[in-house]
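Quick look at what TrEMBL lists:
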- Gly118, Arg181, Cys182, Gly211, Asp212, Gly213, Ser214: ATP binding site (BINDING)
- Asp212: Mg(2+) binding site (BINDING)
- Ser257, Ile258, Asp259, Arg294, Met301, Gly302, Arg303, Glu357, Arg385, His391, Val392, Gln393, Arg394: substrate binding site (BINDING)
- Arg595, 652-656, Arg686, 693-695, Glu749, Arg775, 781-784, Arg867: beta-D-fructose 2,6-bisphosphate binding site (BINDING)
- 111-416: domain 'Phosphofructokinase' (DOMAIN)
- 526-806: domain 'Phosphofructokinase' (DOMAIN)
Amino acid sequence: MKQRDAVRMWYPGVPSAAWLLSVPLLAWLLLWLRKKRQGCNNLSTSEWENKPTSNSDQPGVTAQAELEVRGSLYFTQIYTETLFPSAGFCSRTMAQPPSTDPTKMGAGRSIAVLTSGGDAQGMNAAVRATVRVGIYTGAKVYFVHEGYQGLVDGGDNIRPATWESVSMMLQLGGTVIGSARCQDFRTKEGRTKAACNLVKLGITNLCVIGGDGSLTGADQFRTEWSELLAILLKAGKVTSAEAKASSHLNIVGMVGSIDNDFCGTDMTIGTDSALHRIIEIVDAITTTAQSHQRTFILEVMGRHCGYLACVTALACGADWVFIPEMPPDDGWEEHLCRRLTDQRGRGSRLNIIIVAEGAMDRSGKAITCDNVKKLVSTKLGFDTRTTILGHVQRGGTPSAFDRILASRMGVEAVMALLEATPETPACVVSLSGNMAVRLPLMECVQVTKDVTIAMAEGRFDDAVMLRGKSFENNWNTYKMLAHVHIPEKKVRKLNHLCVHLLSHSGKCILTNVSVNVPGPCQSNINIAILNVGAPCAGMNAAVRSTVRAGLLQGHRMLAVHDSFDGLAHGLIEPIDWSGVAGWTGKGGSNLGTKRALPQDFMDEISLNIAKFNIHALVIIGGFEAFAGGLQMVQARETFEELCIPIVVVPATVSNNVPGSDFSIGADTALNTITMDQTICCGHQERVFIIETMGGHCGYLATMAGLASGADFAYIYEEKFNIHDLELNVEHLVEKMKTTVKRGLILRNEKSNANYTTDFIFNLYSEEGKGVFDCRKNVLGHMQQGGTPSPFDRNFATKMGIKAVLWLTDKLKDCYRHGRVFANSPDSACVLGMKKRSLVFQPLSELKDLTDFDFSFALKNVVLHRHRIPKIQWWLKLRPLLKILAKYKTDLDTTEKTEIEHVIKKRAGVP
């Protein structure tokens with residue numbers, strides 16, 4: 001090698017001549033960049049943003065050239081900071097928007113909260129969240145007692161709210177700050193008095209919790225605000241300074257009504273709790289009705305809205321329902337009698353009829369319980385009883401759903417008030433699927449009025465549509481399951497591919513055997529249903545709707561007992577319409593369920609799929625259902641029999657199935673946990689440590705913490721150490737010095753292998769000596785038991801129908817040359833709720849979004865599994881849990897909810 005070539009070589013640790021020559025140049029560049037930094041830092045954000053695009057001091061430099069220089073500076077910044085982290089280059093070459101400190105958003109502002117109109121369970125949870133989040137933001141919060149009447153009367157009716165003043169109210173029904181129907185507020189004189197009371201206290205933000213009438217009054221109050229101020233100024237009741245400080249009024253509404261009659265929201269605060277009361281009564285009546293073979297007619301509330309009646313009919317499997325939005329057709333009396341007679345003919349010992357209090361016929365004549373009773377007793381001779389539930393539907397403890405819904409709405413309401421400008425229209429915080437959204441208040445009120453107009457004009461289809469997608473889906477689901485004739489059965493021949501195993505040779509011989517089986521005449525499709533994993537409330541409701549929806553589509557439905565184990569051992573039998581009668585309200589799994597996965601007996605499963613001529617599979621269960629379905633998809637390369645459409649319906653208390661925000665059974669488990677925690681409210685200076693189920697998924701612990709006002713919830717997804725435990729103990733010690741002398745700590749069962757429930761109990765007991773004592777409770781499998789909640793019954797029913805309809809369409813696409821063959825990724829999906837809708841997601845795609853974590857396995861035995869989705873929506877609610885417990889934490893305000901319009905829902909409606 002020549003010497004000059006050797007000189008050019010790069011030796012590690014020995015600088016080359018080129019490098020040595022470049023050092024002075026790089027040093028000069030670094031010095032120049034630092035000078036630029038000083039110039040950059042000397043410019044304020046506003047100066048930088050308002051700096052002219054062209055440099056007047058350098059006439060030869062164009063705006064484009066300066067833009068290129070800025071781009072070069074940005075590139076040089078990145079390059080220099082990468083190579084020289086200590087160079088200290090200006091980190092703000094272009095202005096960045098200042099971050100909002102949520103604890104100072106409400107500084108110098110005042111918020112008033114009132115409840116108006118009819119009371120509803122969950123109103124207290126909304127008040128509590130509004131008060132505490134308002135205080136968290138630095139705002140001053142006021143209670144307005146006795147609704148609008150208190151706003152008009154003023155004085156002691158408008159009082160400052162404190163953190164402690166909303167303690168111990170989460171579990172209470174009704175509204176502790178009172179509600180009244182105020183006639184004075186309907187007059188301008190009354191509204192003028194209300195405005196004066198607010199101005200004197202400097203209140204410019206009003207949160208109203210009530211129905212459409214209360215919210216309409218709030219919007220009118222806001223619209224007249226400037227006029228009311230002028231009247232007060234002229235009368236000398238307020239000063240110019242006071243009027244200027246209160247120049248505009250912000251209004252945000254939350255709908256609190258058990259009727260769920262406000263258009264624009266899927267659920268109003270109180271509706272779910274009312275459904276709990278109704279279903280409890282219906283379940284109790286069912287037992288006595290069955291004993292005496294009686295027909296029961298129940299009237300539920302709702303005024304001119306049939307939501308409660310419709311969902312109740314779905315949740316209890318009622319034989320008939322009357323709702324005002326869709327009166328029965330002429331001649332309904334004969335149809336009703338025929339329906340009841342048919343049910344008795346199929347072996348049913350009772351009939352249940354639900355009547356909404358505003359029910360009417362097509363001519364507008366009211367339909368009452370007494371009318372229906374007289375009809376059934378006279379024409380059929382059935383022993384008939386009526387029950388009018390009345391105001392019991394408004395009473396009692398709010399459900400977990402209502403507590404969480406109200407808390408989330410309270411947070412969103414405060415944010416909407418503090419982000420509002422004088423140009424922002426009054427909005428209402430609503431629920432759309434799984435999301436809190438803001439809607440223009442008066443648009444929602446207008447659509448609600450349009451429903452009444454549509455019913456008065458006989459446009460009943462429009463009335464149902466205007467109620468919203470949730471109402472429309474409920475009505476269509478009920479019609480599908482109840483108001484149809486079951487397809488007639490007939491004997492038909494099926495060619496079964498039977499498999500005979502020759503024991504002496506170990507070979508399989510496939511033969512076609514024709515057998516006579518009962519089945520609907522419309523199709524030759526066989527769909528099998530099985531439950532997999534731990535049992536949970538709502539599984540039976542999902543099976544019932546799946547079976548009946550399949551029969552209505554003309555399919556033959558097969559029940560698989562004992563999960564994949566039963567599928568492998570041939571525990572398969574046909575199931576008909578009456579075979580699932582009464583399953584909606586039953587807990588557990590009537591089909592039987594196990595945790596075994598199919599990988600150990602895939603041969604037997606494929607043989608039985610061929611033997612029973614199964615064309616599609618519905619797997620209802622938890623994470624094992626997801627994992628088992630995924631294993632079957634992966635085994636398609638080996639077993640052609642597995643190339644059939646597969647749908648997984650999530651059903652587990654853990655709510656850990658990828659692809660769905662909610663699982664069947666989770667709501668029932670949450671209510672079980674929440675109701676158990678009511679015992680904590682009656683003890684002073686005592687801390688309860690509660691262990692919840694969920695595996696490694698902290699959903700139950702977190703959401704139960706929100707629903708019960710827990711001081712903390714330990715979960716696997718949010719790591720904690722001994723220092724965190726110490727801080728939590730100190731927090732409780734400080735809390736005991738206030739008027740609130742009770743504590744509640746939740747721990748997910750697998751949140752930490754070392755910090756067990758016993759460890760946390762012993763730690764709190766030791767550190768709390770002399771201040772508080774401790775009790776612990778491991779709830780265990782009671783969270784998996786009990787009758788399903790109304791939400792789980794309704795959710796499971798819809799999921800089952802959706803699964804069957806999807807399979808029916810998929811089978812049409814996969815049917816080729818007289819056989820079904822499905823091996824594409826989208827032929828095996830998880831059906832789940834994502835934000836606002838039910839969606840199907842391929843199992844293979846969800847695999848990458850799942851934390852299986854089979855990190856430690858020995859001889860094919862998995863010793864450590866997380867079994868949770870990598871992204872879980874409810875983790876965003878963790879800061880809310882801490883804020884409501886008075887922890888100093890950050891609230892994410894970067895994602896701002898924009899106001900959405902609802903008038904578009906009226907498209908096509910005359």
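Yeah, the Cβs are placed from backbone N, Cα and C, and that goes for glycine too.
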- [ ] Express the distance between the Cα positions of Asp212 (ATP binding site) and Ser257 (substrate binding site) as a whole number of Å.
- [x] 9
- [ ] Measure from the Cβ of Ser654 (beta-D-fructose 2,6-bisphosphate binding site) and count the other Cβ atoms within 10 Å, all protein chains considered.
- [x] 30
Task: Ser214 (ATP binding site) versus binding-site residues Met301, Arg303, Val392, Arg595, Ser654 - nearest by Cα - done: Arg303
Open item on the list: Counting across all protein chains present, how many other Cβ atoms fall within 10 Å of the Cβ of His781 (beta-D-fructose 2,6-bisphosphate binding site)?
Closed with: 10
Open item on the list: Tell me which of the binding-site residues Gly211, Arg595, Arg686, His781 ends up closest to Val392 (substrate binding site) in space, Cα to Cα.
Closed with: Gly211
Open item on the list: Using other CB atoms within 10 angstroms as the count, which residue among the binding-site residues Ser214, Ser257, Gln784 scores least?
Closed with: Gln784
Open item on the list: If I take the alpha carbons of His781 (beta-D-fructose 2,6-bisphosphate binding site) and Gly118 (ATP binding site), what is the distance between them in whole Å?
Closed with: 38
Task: Residues that sit under 8 angstroms from Arg385 (substrate binding site) by C-beta distance, when 6+ apart in the chain - done: Ala289, Arg294, Thr295, Phe296, Ile297, Lys373
Open item on the list: Take the mean position of the Cβ atoms of Gly118, Arg181, Cys182, Gly211, Asp212, Gly213, Ser214, the recorded ATP site. Which other residues of that chain put their Cβ within 8 Å of it?
Closed with: Ser116, Gly117, Gly210, Gly217
Open item on the list: Around the C-beta of Arg686 (beta-D-fructose 2,6-bisphosphate binding site), how many further C-beta atoms are within 10 angstroms, looking at every protein chain?
Closed with: 17
TODO: Could you state the whole-number distance in Å separating the C-alpha atoms of Gly211 (ATP binding site) and Ser257 (substrate binding site)?
DONE: 6
TODO: Select the most exposed residue of Met301, Val392, where exposure means the fewest other Cβ atoms within 10 Å, treating these as the binding-site residues.
DONE: Val392
- [ ] Any same-chain residues 6+ apart from Gly118 (ATP binding site) with CB under 8 Å of its CB? Would you list them in sequence order, or say none?
- [x] Ser179, Gly210, Gly211, Ser257, Ile258, Arg394
Open item on the list: Highest Cβ count within 10 Å among the binding-site residues Asp212, Asp259: which residue is it?
Closed with: Asp259
Task: Averaged pLDDT, computed only over the residues in the domain 'Phosphofructokinase' (526-806) - done: 94
TODO: Rounded to whole angstrom, what's the largest C-alpha distance between any two of Ser257, Ile258, Asp259, Arg294, Met301, Gly302, Arg303, Glu357, Arg385, His391, Val392, Gln393, Arg394, listed as binding substrate?
DONE: 33
